[in-house]
Amino acid sequence: MTEHIIMMHGHVFGAYFGLTVAWWLSRSLPRRVGENAQTEKVQMATSSSLFAMLGTLFLWIFWPAINSALLEGTKKRNAVFNTYYALAVSAVTATSMSALSHPQGKINM
């Protein structure tokens, strides 16, 4: 098999896996007695934020390896370092802009 077909299979698997996990996690849980709709909204917002943060962390950790997978030697090392530097600068910039744009200076995820 050529590299393009193998990579396509990886992307198709990742897409269907992500859709399946999202569908499975979005199924409504049985309600407890005394729970109202407002409590359910808060729980959904918290879980979606948690999964967004975990997905971001996963990509942050593995993106340099994905980005440099087809390179060799010095080019691979440079790609990994440049990717980490770009990720670090973007994280600092996003955090700074979040604090600057909030009226009370808080960081908003």
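Cβ atoms here come from the backbone N, Cα and C positions, even for glycine.
Per TrEMBL, the features are as follows:
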TRANSMEM  6-25  transmembrane segment
DOMAIN    11-109  domain 'Ammonium transporter AmtB-like'
TRANSMEM  45-63  transmembrane segment
TRANSMEM  83-100  transmembrane segment
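Long-range contacts of the transmembrane segment (45-63) within the same chain: residues 25, 83, 87, 91, 109, each at least 6 residues beyond the stretch ends and with a Cβ under 8 Å from a Cβ of the stretch. Looking just at the domain 'Ammonium transporter AmtB-like' (11-109), the mean pLDDT is 80.
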